[in-house]
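Structure, as structure tokens:
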Amino acid sequence: MVGTGGPVATFSVWDYVVFAVTILGAAGVGLFQAIRGRKETSSDEFLLGGRQMTAVPVAMSLTASFMSGITVIGTPAEAFRYGTAFWLFGFAYAIMSVVTAEIFVPLFYRLGITSAYEYLEMRFSRPVRLIGTSMYIAQTVTETQTKPTKHITGLDLWGVLVATGAVCIVYCTLGGLKAVIWTDVIQMVIMLSGFVAVIARGAVLQGGLTKIWEDAGEGGRLKAFDFDPDPLKRHTFWTIVVGGSVMWISIYSINQSQVQRYISCKSLGHAKMSLYVNMVGLWVTVSLAMFSGLTMYSIYKNCDPLTNGDISTSDQLLPYLVMDILAAYPGIPGLFVAAAYSGTLSTVSSSINALVAVTVEDFILPVCKNLTEKQVTWMNMGLSVFFGAVCIGMAGVASVMGSILQAALSIFGMISGPLLGLYLLGILFRTSNSVGGLLGMIAGLVLTLWVGIGGQIYPPTDEKTNPLPVSTAGCNSTASHNYTTAAPWTSSVTLTSHIRPALADSWYSLSYLYFSLLGTVTTVVCGLLVSMITGGCKQEKLDSKLFVRKSDLICFSYFNKTKVRCSFRQGNK
């Protein structure tokens, strides 16, 4: 019986067929679109699609690259255990979209750059650019992960990774950014279809969407708005809207994987529109993911699979649910796993193309200036194969090593805050110089690494993370696997509370959503102070193209056009 614990079915032949056809079909469509529309084999065509992309496919690609395999599998588990506070990220997505579209997109578009880090040399110095690029490469290579589904579906992890990775490398190498974007479009549809399948089947089993919503309310899963200003609490309205906004701005505004997409658009209008359409895509994605989690809770409200020992980690909750409720429909579990792997492939393909771009533009071309177009093209393709192999390898290692590597990856995620602070120093403050920017970024990085490493060693207590209760009262059997120990949902902190230092329950318990804000503010403040001390106020006149302009903003642009029209009409009277 569904929702009462115990072993579930594994993949059938049809599931393997659907999985393979889905992954290969998406890659095939992307590659076909790229080759069909290719006018030349230049580096600009490979890395930026010839700067002829339109808003909607770019928007879907931006959303798909956000939807990693971790998002597909992890977000529903978040709703199951912590409720719907994650839904508040909708506000953060809106703020991120406006800031990125109105401030950063016009700047990068005006400068005509390929690598986002070219700006750092234009504004500061070449060493600052190389350091920024190196931080991005380290962050991106180590962030590539996938969540294991082997224990639930029976899929061989390394076999699937190698096979799907090979497909990813082929379309990235032969088709460039255009293939990546069009493949992302198909993968986006696949990922959303996976969520819809789970919700639809759950609604049939539970007696409708209303019943799912009622169960979530009774279980305390719908209390999303917590206005407690405590910065140590994991998810509150303020940590998500304030800290989450800065975190997502740092991801979308200066991350090469995202920047490379919107500067590939054929006009500034299309580039801005891609971010606003992407905002809607993010809203739809997070809503379907959260409702999938509520569906999971409605089914397992009386028998938590993790506590019952049916699974070993919370990341296996959604795959377990899929095999529990959809195994009777051959091919549908295959579609879901294809959705999860599509998230990983989208992230990997984005990373490959972006890593090639920054390596060529920031490290190779400034040194080897006499390379022919053909040599650069072959170099792009060779680097695509190299970075593809590295990213797929890291994805596999992440799955095997689990929480150990996850801790390291969280630390690398803190890089984006100080980098955002460096860019803000450049585009907003004319007094900032390269010395101030570099030392400010170092200060921000040291501070975020300090609090981040401390938080990994001494995780916050349940009082700050606010996990909601689960039950095993309705379980018919306890799994023979016996994966879990005493309290699987309880933080390991309870086992080491007697050796926790004084900072563990204060500084180290800072919400992870404030890491980027901390790094950004520290970088800006320290950077300004150092710049003033080192002669930032006496710099030669800088090019106005390197700074934010009022004319970049839609509101000012609209006001000026209206003003011109009014003046024209008055002049004709």
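Each Cβ is built from the backbone N, Cα and C atoms, and glycine gets one as well.
It should be emphasised that the depicted structure is a prediction, and the values quoted were computed from it without experimental measurement.
These come from TrEMBL:
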- 12-35: transmembrane segment (TRANSMEM)
- 55-74: transmembrane segment (TRANSMEM)
- 86-109: transmembrane segment (TRANSMEM)
- 157-177: transmembrane segment (TRANSMEM)
- 189-209: transmembrane segment (TRANSMEM)
- 235-254: transmembrane segment (TRANSMEM)
- 275-300: transmembrane segment (TRANSMEM)
- 320-341: transmembrane segment (TRANSMEM)
- 378-398: transmembrane segment (TRANSMEM)
- 404-425: transmembrane segment (TRANSMEM)
- 437-458: transmembrane segment (TRANSMEM)
- 512-535: transmembrane segment (TRANSMEM)
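Only sequence-distant pairs (6 or more apart) were considered; of these, fewer than three Cβ pairs between the transmembrane segment (437-458) and the transmembrane segment (378-398) are under 8 A, so the stretches are not in contact.
Here the transmembrane segment (512-535) does not touch the transmembrane segment (86-109). Their Cβ atoms form fewer than 3 pairs under 8 Å, with each pair 6 or more residues apart.
Here the listed stretches are 189-209, 235-254, 275-300, 378-398, and the one with the most C-beta pairs under 8 angstroms to the transmembrane segment (320-341) is 189-209.
Cβ atoms under 8 Å from those of the transmembrane segment (235-254) belong to residues 62, 66, 82, 85-86, 88-89, 91-93, 95-97, 99-100, 103-104, 116, 225-229, 275, 416-417, 419-420, 423, 466, 511, 513-517, 520 of the same chain, restricted to positions at least 6 beyond its ends.
Remark: the transmembrane segment (189-209) makes no contact with the transmembrane segment (157-177), by the rule of 3 or more CB pairs under 8 A.
Below 8 angstroms of C-beta separation, residues 75, 78-79, 116, 119, 224-225, 235, 237, 240-241, 244-245, 247-249, 251-254, 259, 262-263, 268, 271-272, 275-276, 278-279, 282-283, 286-287, 290, 423, 427, 546, 548-549, 552-554 of the same chain, each at least six residues beyond the ends of the transmembrane segment (86-109), sit close to that stretch. Tertiary neighbourhood of the transmembrane segment (55-74): same-chain residues 145-147, 149, 180-182, 184-185, 187-188, 191, 194-195, 251-252, 257-258, 261-262, 264-265, 269-271, 273-278, 281-282, 285, 289, 314-315, 317-319, 339-344, 346-347, 350, selected by CB-CB distance under 8 Å and a gap of 6+ residues from either end. When Cβ-Cβ distances under 8 Å to the transmembrane segment (157-177) are tallied for each of 12-35, 275-300, 378-398, the top count falls to 378-398. Counting residues 6+ beyond its ends, the transmembrane segment (275-300) has Cβ neighbours under 8 Å at 2-3, 55-56, 58-60, 62-63, 66-67, 71-72, 75-80, 84, 86-87, 89-90, 93-94, 96-97, 100-101, 105, 188, 191-192, 195-196, 198-199, 202-203, 205-206, 211-213, 215-216, 219, 221, 252, 262, 317-318, 321, 324-325, 470 in the same chain.
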